[in-house]
């Protein structure tokens, strides 16, 4: 017998309860905070337009009137969607004329910003998929992206949704423009913006609390969650926000991935730009969770999703479908009790100033390590915890700064037979990739290093921040793959020194899965950490290896 739909009074009561819980989590900005954000955006717009005039005067181009070159600066993302929470950053698009070069924005404009006393912590990331300029303006974190259009003037009234602006535009600019274009299209495609916003705030909070909110680490980012919620709004145009949340979990619990989520039909303007279309592009058919942007050129916002992260998100959606209480929906999981085996990653810097850029680079490559671990036939799941753990010394200003991440592992035990699982190639490749990218970016500074090591659940003596309890990771010497930054005069990775009398010995850690299983790792008696050789050049006893032992069945 079908359950009758809730009455209007019941829906109102559920919505009021939902708003109260969201307020307790700081999901709403005050009017003062909102005005502050708007003032910051206006101030940045003035600086950008001033810079455009200065560049025109400096370049002295014929036929260009500096005072009429214009320029456009618009926020996008959560701020433009109207779902920004307290302390959230602001994504901002800067649009300039075609005669400017991208390098001008990331050099000349950066110098102008550095002269402003309100601006702090400037960081340029030109190598990103969408090049970005990160900074803090009057305490608010800002992500600036730049696009140039094939025009000599950029009027304020320019409609960025017009597709003809994209013709002849470079790919980096198209990607930057689409941040705003996708956000604006979502707002235009939902039938009730107010209900959409409240439902999206709820889903974003749930995803963050359940540690599945991170595009860079293989889960979903803000735009993906927004598209998922927007589709539910299209399916149920008259539903209240609380009902939309319920329908969200019901619909996606039944969804058959990789069937794509789309807010409108696929469209190709034939501007020679890459468009997601699994009907014609073989590579698009391999995507695990296609969530397609509604603006041309349409792209899959969830291309980073891996088999493991898809399985984890499906489990969380199923859990959400079974929960009837708002407070239970937002309960945080305990990651250290979820798995029996882990990989501990660590990024180390010499100073606080160097650390954010180094952490950003290392974190941007963790997803690739997860993918490599998944390719190991004996690894059935690799689950990266999106909550990192920063370590800062409180007493010694010269002490190194560290950030740690954990990857939970599930091994395929194949009926309990003896398994030898060698993780060294995966961990070594991760360290090598980070080292290589940092070298190309000229980011290395003395004191920077990365390391990766296996740990079992019992090796933890504390909980991660924001989880129940306060356990900490044991600092006993453990075998690891470690890559240190070279000195400024060298371009090769350094090795930690070894004792001349060091010998390889096996250190065993019993897992919690039963008395018949052990985890065996190689470690020198001196406790020194060694950069691993290639698999072909080292003996099996020197590799980071997990041996799961179980007596043969009789």
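Each Cβ is built from the backbone N, Cα and C atoms, and glycine gets one as well.
Automated prediction, rather than curation, is the source of TrEMBL annotations.
Counting every protein chain shown, 15 other Cβ atoms lie within 10 Å of the Cβ of residue 89 (Mg(2+) 2 binding site). What TrEMBL lists as ATP binding site is 76, 77, 78, 89, 90, 91, 143, 204, 213, 222, 223.
Residues or ranges marked as Mg(2+) 2 binding site in TrEMBL: 89, 91, 143.
The feature Mg(2+) 1 binding site is assigned by TrEMBL to 89, 91.
The compositional bias 'Basic and acidic residues' annotation in TrEMBL covers 500-516 (among others).
Annotation source TrEMBL lists compositional bias 'Basic and acidic residues' at 533-554 (among others).
For 5-190, the entry in TrEMBL reads domain 'Poly(A) polymerase nucleotidyltransferase'.
Residues or ranges marked as domain 'Poly(A) polymerase central' by TrEMBL: 195-324.
Taken from TrEMBL, the feature domain 'Poly(A) polymerase RNA-binding' covers 335-394.
Feature annotation from TrEMBL assigns region 'Disordered' to 471-554.
Residue 78 (ATP binding site) and residue 91 (Mg(2+) 2 binding site) have their C-alpha atoms 8 Å apart, to the nearest angstrom. Checking each of the binding-site residues 76, 143, 213, 223 against residue 89 (Mg(2+) 2 binding site) by C-alpha distance, the shortest gap belongs to 143. Every protein chain considered, the tally of other Cβ atoms within 10 Å of the Cβ of residue 90 (ATP binding site) stands at 22. Rounded to a whole number, the distance between the Cα atoms of residue 91 (Mg(2+) 2 binding site) and residue 76 (ATP binding site) is 5 Å.
When the Cα atoms are compared, residue 91 (Mg(2+) 2 binding site) and residue 213 (ATP binding site) turn out to be 17 Å apart.
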